[in-house]
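Student: Below are the structure tokens for one structure; questions will follow.
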Amino acid sequence: MSGWRYLICVSFLLTILLELTYQGPPVPASSSTKLLMTSYSMRSTVVSRYAHTLVTSVLFNPHAEAHEAIFDLDLPHLAFISNFTMTINNKVYIAEVKEKHQAKKIYEEAHQQGKTAAHVGIRDRESEKFRISTSLAAGTEVTFSLAYEELLQRHQGQYQLVVSLRPGQLVKRLSIEVTVSERTGISYVHIPPLRTGRLRTNAHASEVDSPPSTRIERGETCVRITYCPTLQDQSSISGSGIMADFLVQYDVVMEDIIGDVQIYDDYFIHYFAPRGLPPMEKNVVFVIDVSSSMFGTKMEQTKTAMNVILSDLQANDYFNIISFSDTVNVWKAGGSIQATIQNVHSAKDYLHCMEADGWTDVNSALLAAASVLNHSNQEPGRGPSVGRIPLIIFLTDGEPTAGVTTPSVILSNVRQALGHRVSLFSLAFGDDADFTLLRRLSLENRGIARRIYEDTDAALQLKGLYEEISMPLLADVRLNYLGGLVGASPWAVFPNYFGGSELVVAGQVQPGKQELGIHLAARGPKDQLLVAHHSEGATNNSQKAFGCPGEPAPNVAHFIRRLWAYVTIGELLDAHFQARDTTTRHLLAAKVLNLSLEYNFVTPLTSLVMVQPKQASEETRRQTSTSAGPDTIMPSSSSRHGLGVSTAQPALVPKVISPKSRPVKPKFYLSSTTTASTKKMLSSKELEPLGESPHTLSMPTYPKAKIPAQQDSGTLAQPTLRTKPTILVPSNSGTLLPLKPGSLSHQNPDILPTNSRTQVPPVKPGIPASPKADTVKCVTPLHSKPGAPSHPQLGALTSQAPKGLPQSRPGVSTLQVPKYPLHTRPRVPAPKTRNNMPHLGPGILLSKTPKILLSLKPSAPPHQISTSISLSKPETPNPHMPQTPLPPRPDRPRPPLPESLSTFPNTISSSTGPSSTTTTSVLGEPLPMPFTPTLPPGRFWHQYDLLPGPQRTRQVLGPSRPGVPTMSLLNSSRPTPEGSPPNLPILLPSSILPEAISLLLLPEELELLSESMVESKFVESLNPPAFYTFLTPDEDGSPNWDGNSEEILGGAGGSMESQGSSVGLAKGTLPSIFTFSSSVDGDPHFVIQIPHSEEKICFTLNGHPGDLLQLIEDPKAGLHVSGKLLGAPPRPGHKDQTRTYFQIITVTTDKPRAYTITISRSSISLRGEGTLRLSWDQPALLKRPQLELYVAAAARLTLRLGPYLEFLVLRHRYRHPSTLQLPHLGFYVANGSGLSPSARGLIGQFQHADIRLVTGPMGPCLRRHHGPDVPVILGKRLLKDSPRLLPRWASCWLVKRSHVELLLGHPYLSYVL
């Protein structure tokens, strides 16, 4: 017993000692260089469903040398970034929103000047990741502040705000504050536990408790939630910090059937979500893909979800099931049947018997579903179909591979068959589904398209999406707005309104109108007509607004105005996606750009640009280089190998990354749950061309806003980088106050925030800001006293010093904001509206993208100055350059370097060229005259080019008038040299380059392809594989090589050891565009690139005719590649040496799809979902799930297996063959990153091999892990780096024939199958 007492006493003393000495979270050994996060705060203000979130992170570098400071945040996928600031060394740097090409231009100039810069694209994913890193000097602090805005969607009866809480470490001051203000009142609010994953669960919200340290304070129209976890609370979740989502779920009171209408400052928002309506009956047809790609887990998950869905059908509903592959099977051919218990049980038995096999015939399946619905409506004796809503739920995991496969034909057939009477809801299961086609199908037929991610919760995803549309309450909803709207038709129509969702309409009323009438007409159950009328008066700013008691009311007008812009941009992007001609897409894109610049939103057409002075970079660089040892190799600031952050060079590297668990194809279009059925598609004839004349594009520029002189009171006229050093300070006024040096928040913790009456403008006018975490009082009562910290009155401006700040405190400055925005942005004029031009109806949002009242009138400010930019006619394409495009490469993970996104200029006019001009769009696409729904062929790959052609040197035509910058068009962008800055032209008048740059956030390219172009043209990939080594091509020469390598080599086989061959490269031969990681071609000659090196190994294998060689064997990746040898006549005088070529290459894959591709000298065959034969003489493109096969130029076959494996097979033929030459095949590994470390084979073993080139006692040798040294000699070899370019002499480490087996590690026979 005494021993136990002793242990207890020791444990107790140790516990006390740990409590007394505890100063922060335990730092693991691996994170010894991690910076200390002193504060992390998130503040969300929700006003009428529109949320503004500000995230602030403060990092301190306690180390003696500079270290990388990283700020990353998961953003909601429908959110727009509206502001970003960074404070380093007491200086605040404010990001600006620029047109994306202009931002790229700034990036180029800054990069060329040695300033740090980076850029990245936005992708439409379930969540976006914003990431930025910078080198932080020792003993300094950096403050990151990011603001974004979003409209909360109503799903299944509630709104949900998701805040990503991932600081990456334990933080002493960690806080979240969420304020929700709703005019009609809040009926329900719940805070579920922190969500550590995105997988769905069956747990109901009411069954779980809120996280500890959560405080909820409710008022009639306001709710405030605070979450301030202590270090112990954080440690109980994770020892390395919280990595979860904080959720707020709530619903509002909606008593009026017409909904909630709010009018502020000539902008209105209408929320339509009536309660208490009886559900309508529905006739639903489930169309389920049962092709071979659905085999296994996906089919089981589909059956599980369908069993639950069938059980949830109402007794009065009618339903049917169609399964399809390359054949279509209708469960009840006579039509839909009633959902009785017996019929549902019979349907489940039918589901149980479904098996996956065959190809995918999308067209026939949807036409069969249309036929079933039409037959059910016409069939007598099946009960009245009056008032029954026809729905099709279409589930597929692939793309059309059987029957009609042309997208435009499928769209036309389905559109005609459904007759705009049936709502089609498409579910894209997995990454291989053609989501673009499915989305078009749904949007054109009164529905939406959603993704189902291949996760363990796929069945719950299917069930959840069905629940959203399982209860139709109204059909053909028509909302008329009486009282005068601006630039839009006074009505909006929706196909359906489903229970638990919400329709949102945003628009502008005529100036001075004080009342807006709303008339509702819709169909209810049994086709009963529902009619209602409501009149809403405009709200004056002097009237009492809703909000939390005892606090200043939120500036609702400010939120409504920004909400209108958010909704409008989303609707314009949606309309852009649906537009069928290029001109309309250009005009819609121009309007998106105008609004994005005006409201400071980062959208697919704008970018975020931040400037960091060069002096700051040099200071950090000097400090770092000083801390480095004398023997340390420091990278140069002008290194061409990228913008990665190191201890020698400060850099900001923002990234937008999505979780790998739920990959989605890169699109940034916003989808909507319901589309306005009467919305009319704009055509080129209905919209005016850009500019004042059909040959020019008029682009306005703005003069810089004048900066008032600094006031005596100490206020700063404008927060520019030239002012005195400032830092962000917490304030309950909702602003970021610039302070003078020395007034740091951690040095002066007693700085008092402004009180509730203080109104201080935000740094960015028009953008609501929020205080830092320091000001969040987790115990502050809802009814606070005057003078206590409270919410800001957002958007209010003042030129006086805040009363809440003590005047006696020195060094505190306030901010005075001019009338116009600090950084006036150029606007692209939208076409003016004519009286006879049709308007789009008021848009509505149901659950996704809102439908808005589109206005085609420009809203340029009075100080706008127009400039005209003209372009010369695009030059005539080279007749030697073929014109058939290559399909785009599959999406691969983007490397951290921004060069993979860069492109080269396209057609730049010559000073001596024709004087005619071509109109261009804001996206760099020329608008041909007359306007046609096509794009110039320069945007696409050429027919006989597996790789993009060389860039030709051109000159830029001078400006048409003094002071106007020139423009250039984008070419089919080919990859740029690794590490080099992109060479993009500016497409809008560029502003003066700021003093420095560090952040450039660029969105994904917004393609403007017409529907027909999407089918026949393939835009080049902007994601070149990381292993490509890009070189700058010569200016002369012609890449017209026909693939006859041995003609170039000067004889059959082309001895690789003959350095002194008299046959050299022809004059003008271009260097390579990329280097293959490994290849085998010729005798056969093997060329292997040493991993992580630029060096190559060359060797020849003495094979035997008829042998089947194992080239790649990777069971883990499910890949097997073999080659069969063909005998060839020996060289004169070398009859003892056998010569062989490859005559057949066989590629077999069983993961994730089972395919066998056999390539011979005469044909190509594919076995998978059936057998298909292709001819070398017929160019062909074949796309299957996880497979792309492209035959081009009768000599090249590109084979892609998923995103990480790509091979090239060349067929060599000779016009005038000698007795030594035979037709044969060559095999090249273009992308082998998908091979596992366990890969074997003559080529596969080298992909991840631990092999190095060293200098031994006997000279250079190759050293492999646990292997003998292999002697090599440095020679030259004619290497073929590109399928369309001539071979070139290149250095190669030659392995003698007698040492080849020593290099391989096994005898030759071990590789013979």
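Each Cβ is built from the backbone N, Cα and C atoms, and glycine gets one as well.
So Swiss-Prot lists the following for this protein:
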- 907-921: compositional bias 'Low complexity' (COMPBIAS)
- 24-150: domain 'VIT' (DOMAIN)
- Asn83: N-linked glycosylation site (CARBOHYD)
- Asn374: N-linked glycosylation site (CARBOHYD)
- Asn540: N-linked glycosylation site (CARBOHYD)
- Asn594: N-linked glycosylation site (CARBOHYD)
- Asn971: N-linked glycosylation site (CARBOHYD)
- Asn1231: N-linked glycosylation site (CARBOHYD)
- 612-644: region 'Disordered' (REGION)
- 783-817: region 'Disordered' (REGION)
- 856-928: region 'Disordered' (REGION)
- 959-983: region 'Disordered' (REGION)
- 1-23: signal peptide (SIGNAL)
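Surface or core, plus neighbours and distances: that's what I need for these features.
Tutor: When pLDDT is averaged over the domain 'VIT' (24-150), the result is 79.
Every protein chain shown contributes to the tally, and the Cβ of Asn83 (N-linked glycosylation site) ends up with 27 other Cβ atoms within 10 Å.
Non-local contacts of Asn374 (N-linked glycosylation site) by the CB criterion (under 8 A, 6+ apart in sequence, same chain) are absent. Secondary structure at Asn374 (N-linked glycosylation site), as computed by DSSP, is helix.
Of all the Cβ atoms in the protein chains shown, 25 others lie within 10 Å of the Cβ of Asn1231 (N-linked glycosylation site).
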Student: Need the DSSP three-state call for Asn594 (N-linked glycosylation site) to compare against my parser.
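Tutor: Note: Asn594 (N-linked glycosylation site) is helical by DSSP.
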Student: For Asn594 (N-linked glycosylation site) and Asn83 (N-linked glycosylation site), determine the Cα separation and express it in whole Å.
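Tutor: Answer for this pair: 17 Å between alpha carbons.
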Student: Just the number: how many Å between the Cα atoms of Asn83 (N-linked glycosylation site) and Asn1231 (N-linked glycosylation site)?
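Tutor: So the alpha carbons of Asn83 (N-linked glycosylation site) and Asn1231 (N-linked glycosylation site) sit roughly 39 Å from each other.
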Student: Ten-angstrom check, please: count other Cβ atoms within 10 Å of the Cβ of Asn594 (N-linked glycosylation site), all chains counted.
Tutor: 24
